[in-house]
Amino acid sequence: MAKRDYYEVLGVNRDASDNEIKKAYRKLAMKHHPDRNPDNKDSEDHFKEAKNAYEILSDAQKRAAYDRYGHAGVDPSAGAGPGGQGFDGFADAFSDIFGDIFGGAGGAGRGRSNVYRGADLRYNLEISLEEAARGADKTIRIPTVEECETCHGSGAKPGTQPKPCPTCGGAGQVRIQQGFFSIQQTCPKCHGTGRIIPDPCRDCGGAGRVKRQKTLEVKIPAGIDEGMRLRHAGHGEPGVNGGPPGDLYVEIHIRAHPVFQRDHDDLHCEMPISITTAALGGEIEIPTLEGMARLKIPAETQSGKVFRLRGKGIRNVRSQAHGDLMCHVVVETPVNLTERQKELLREFEEVSSSDADRHNPKAKSWMDKVKDFFGA
C-alpha cells in the first residue's frame with residue numbers, strides 16, 4: 001500500500017510551522033498511544049504512521065528533502081521510484097550479486113536518472129446543498145510548489161552548477177556490502193539526486209522549487225454527494241528531474257441545510273401542520289429545491305405520516321434519474337392559547353368524550369396493549 005502524504009497524516013498544511021506540526025503530532029500520539037488503546041491494531045498503525053511523519057517533518061533537513069522529492073527523498077526503500085522497491089529492487093539485488101561474482105556490469109539500477117512523480121494534493125471544498133444539486137463552477141486557491149524561476153529548478157545559484165555527489169559518484173545510490181550480498185540504497189548525502197549544490201539559489205534555498213498559491217477553476221457536477229472526490233490530473237506538485245506532476249483531488253463537503261436533510265438522491269424535510277388541518281384536511285405549501293409546491297393533506301392525517309413527492313429530490317450524479325422529496329408530517333400542538341380558545345377545546349373534549357374510542361383509535365389500541373401487559 002502506498003504511503004500517505006506526511007502532511008495529510010498529521011492533518012496540517014504544507015506550510016505549517018514547526019510548532020503546528022508538534023501540536024498536531026502530540027494530539028495524534030495521545031489519541032492513538034498503545035497504552036490508551038491496548039490490543040487495537042488500527043490505533044497502533046495510526047500511532048506508528050504519525051510517529052514516522054513527525055520524525056521527518058520535525059527535522060529541517062529531512063523535511064526539505066521530503067518537500068522536494070516526496071517519500072523517495074527520505075526513505076531508502078523508495079529509491080526505485082513511487083511505491084517502494086517492489087520486485088525490481090529484488091531483481092537489482094541479485095543482479096549486484098552475480099555482477100560481483102562474475103565480473104559483470106551488475107547493478108541494474110546504476111546511473112538511473114532518479115525521476116520521480118510529483119506528490120498528489122488534496123483540497124477540501126465546502127459547497128451548499130443547492131450547488132450540489134444543480135452543479136456549480138467554483139474558483140479555488142491551493143498552496144503548491146512550482147519550479148523556481150531564478151534557478152530554473154536546478155537549485156543552484158545563477159552562474160553556478162550542481163556538482164556530482166562525492167559519496168555516490170553521481171549515481172544517486174550507494175552500494176552496501178552485507179556478507180556475501182551487495183545491495184544498493186539511496187545515497188544518504190544527496191537523497192538520490194546524484195548531485196550536491198555548493199552554492200544554493202537564494203530564492204529557493206537550493207530546493208529548486210518555491211511555494212506558491214495556484215488558482216484553479218473547479219466544475220462541480222450536478223448531483224455530487226458528500227465525500228466524493230474530483231480528480232484534476234497534473235495539478236499536483238511538479239515532478240522531480242523531469243518526472244510527471246502529481247494530481248489534485250478536490251474532496252466535496254456539503255454544508256448542513258436549514259430545511260432539507262439529504263439521503264443519497266432523496267431529500268427529507270419536516271412539515272409542521274396545525275391540528276385543524278390534520279383533522280379536517282386541507283392544502284399547504286411546501287418547499288422544494290425548485291421553489292414552493294402545493295400538497296393536499298387528507299383529513300385525519302396523523303403525526304409521522306410521510307408524503308413522497310416523486311422526482312423532487314436530487315438528480316443522480318451518474319444518470320438523469322431524480323430522487324424523491326419525503327415530507328414528514330409533524331402535527332403541532334397549539335401554544336399561547338387565549339381563554340376563548342381554551343374554552344372551545346374543553347367544549348370539544350366534552351362532546352367527544354362519549355365516543356372517544358371512535359375518535360382516538362390509537363389511544364384505545366395503546367390502552368388495550370397496556371391492559372394486556374399488566375393482565376388487567
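Any Cβ shown, glycine's included, is placed from N, Cα and C.
Residues or ranges marked as domain 'J' by Swiss-Prot: 5-70.
Annotated zinc finger per Swiss-Prot: 135-213, in sequence order, evidence recorded as sequence analysis.
In three-state terms derived from DSSP, CYS148 (Zn(2+) 1 binding site) belongs to neither a helical nor a strand segment and is classed as coil. As annotated by Swiss-Prot, Zn(2+) 1 binding site applies to CYS148, CYS151, CYS201, CYS204.
Mean pLDDT, taken over the repeat 'CXXCXGXG motif' (148-155), works out to 84 on the 0 to 100 scale. If you look up Swiss-Prot, you'll see 148-155 (among others) marked as repeat 'CXXCXGXG motif'.
What Swiss-Prot lists as Zn(2+) 2 binding site is CYS165, CYS168, CYS187, CYS190, and the listing cites sequence analysis. Annotation note: CYS165 (Zn(2+) 2 binding site) sits in a coil segment as assigned by DSSP. Other C-beta atoms found within 10 angstroms of the C-beta of CYS165 (Zn(2+) 2 binding site) number 20, with every protein chain shown included.
Summarising the annotation, Swiss-Prot assigns repeat 'CXXCXGXG motif' to 165-172 (among others).
Summarising the annotation, Swiss-Prot assigns repeat 'CXXCXGXG motif' to 187-194 (among others).
Long-range contacts of the repeat 'CXXCXGXG motif' (201-208) within its own chain (CB-CB distance under 8 A, at least 6 residues past either end) are made by residues 64, 67-68, 147-151, 153-158. Among the features that Swiss-Prot reports, repeat 'CXXCXGXG motif' is placed at 201-208 (among others).
Apart from CYS148, CYS151, CYS201, CYS204, the residues listed for Zn(2+) 1, the same chain places the Cβ atoms of GLU149, THR150, HIS152, GLY153, SER154, GLY155, ALA156, PRO200, ARG202, ASP203, GLY205, GLY206, ALA207, GLY208, ARG209, VAL210 within 8 Å of the centroid of those Cβ atoms. In this structure, the CA atom of CYS187 (Zn(2+) 2 binding site) is 22 Å away from the CA atom of CYS201 (Zn(2+) 1 binding site). The secondary structure of CYS190 (Zn(2+) 2 binding site), as reduced to three states from DSSP, is coil rather than helix or strand. If you measure from the Cα atom of CYS151 (Zn(2+) 1 binding site) to that of CYS165 (Zn(2+) 2 binding site), you get 19 Å. In terms of DSSP secondary structure, the domain 'J' (5-70) contains 48 helix, 0 strand, 18 coil. CYS148 (Zn(2+) 1 binding site) sits 19 Å from CYS190 (Zn(2+) 2 binding site), taking the Cα positions as reference.
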